[in-house]
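Undergrad: Below you'll find the structure I mean.
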Amino acid sequence: MPADTPIRKKPNAYASVVDPDTGYCTPGAFELERLFWHGAPKYTHVNEVWPNLYIGDEKTALDRYSLEKNGFTHILNAAHGRWNVDTGPEYYSDMTVEYYGVEAEDLPSFNLSQFFYPAAQFIHKALSTPNSKLLVNCAMGRSRSASLVLAYLMIYKNMTVVESITQVLKHRCILPNRGFLKQLRELDIKLALEKRDTHGTANKAQKDD
């Protein structure tokens with residue numbers, strides 16, 4: 001290779017992405033991980049992280065008596081399946097609960113992003129129902145369930161990935177695995193580009209008028 005030939009660097013998963021139009025910077029994966037290094041509430045079984053939206057663990061999901069007593073109306077199990085948190089509609093058949101199961105593994109290689117929009121839609125619909133109370137659970141209530149709640153806040157509440165993490169960390173000790181963080185980062189970039197395109201289209205329409 002000639003000495004003056006530029007060397008192309010491979011894309012860096014840890015690099016930040018800047019939208020030149022809005023100035024918003026999607027942090028790199030390492031920068032996102034650093035958000036969890038700071039203080040968070042002491043770990044407990046369940047916490048309200050947004051009005052009427054709770055993140056909890058397996059113990060919480062299995063305690064039908066407490067769920068009914070505390071008025072839960074919807075449950076999203078992010079660890080659905082026989083070898084995970086084995087609940088399901090039948091488990092809650094004696095309760096007035098709407099159930100949604102996501103068969104996800106807490107592995108960095110698992111594609112959780114395929115469930116971001118369906119789960120967010122379920123959460124949005126549940127919270128739009130008067131007097132609703134929603135539990136999103138997985139085994140520990142720290143990775144899978146937290147990631148789906150973060151995606152919901154980004155998709156429906158127009159939060160950036162940093163804003164959503166900051167919001168949830170105020171109320172619960174969470175720690176999505178690195179693979180999930182990268183997928184949330186990709187979602188953040190996608191949503192930022194959509195906002196930019198929408199803003200650009202709106203500006204063009206105003207100029208045309």
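Every residue number used here counts from 1 along the chain in the order it is shown.
From the backbone N, Cα and C atoms, a Cβ is placed for every residue, glycine too.
From a predicted model like this one, the values you see are computed outputs, not experimental measurements.
From Swiss-Prot, here are the annotated features:
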ACT_SITE  Cys138  active site, phosphocysteine intermediate
BINDING   Asn137, Cys138, Ala139, Met140, Gly141, Arg142, Ser143, Arg144  substrate binding site
DOMAIN    45-193  domain 'Tyrosine-protein phosphatase'
Undergrad: Please average pLDDT over the domain 'Tyrosine-protein phosphatase' (45-193) for the predicted structure.
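TA: The predicted confidence over the domain 'Tyrosine-protein phosphatase' (45-193), as a mean pLDDT, is 98.
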Undergrad: Counting all other Cβ atoms within 10 Å across every protein chain shown, which of the recorded positions Cys138, Ala139, Met140 scores highest?
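TA: Ranked by Cβ atoms within 10 Å, first place goes to Cys138.
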Undergrad: What is the interatomic distance between the Cα atoms of Arg144 (substrate binding site) and Cys138 (active site, phosphocysteine intermediate), given in whole Å?
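TA: Each residue's Cα considered, Arg144 (substrate binding site) and Cys138 (active site, phosphocysteine intermediate) end up 6 Å apart.
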Undergrad: When DSSP states are folded down to helix, strand and coil, where does Met140 (substrate binding site) land?
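TA: Reduced to three states, the DSSP call for Met140 (substrate binding site) is coil.
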Undergrad: Quick one, of the binding-site residues Asn137, Ser143, which Cβ has the fewest other Cβ within 10 Å?
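TA: Each of the binding-site residues Asn137, Ser143 was scored; lowest Cβ tally within 10 Å is Ser143.
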Undergrad: Using the CB centroid of Asn137, Cys138, Ala139, Met140, Gly141, Arg142, Ser143, Arg144 as the substrate site centre, which other residues of the same chain sit with their CB within 8 A?
TA: Ile55, Asp57, Glu58, Ala78, Ala79, Asp106, Ser145, Ala146
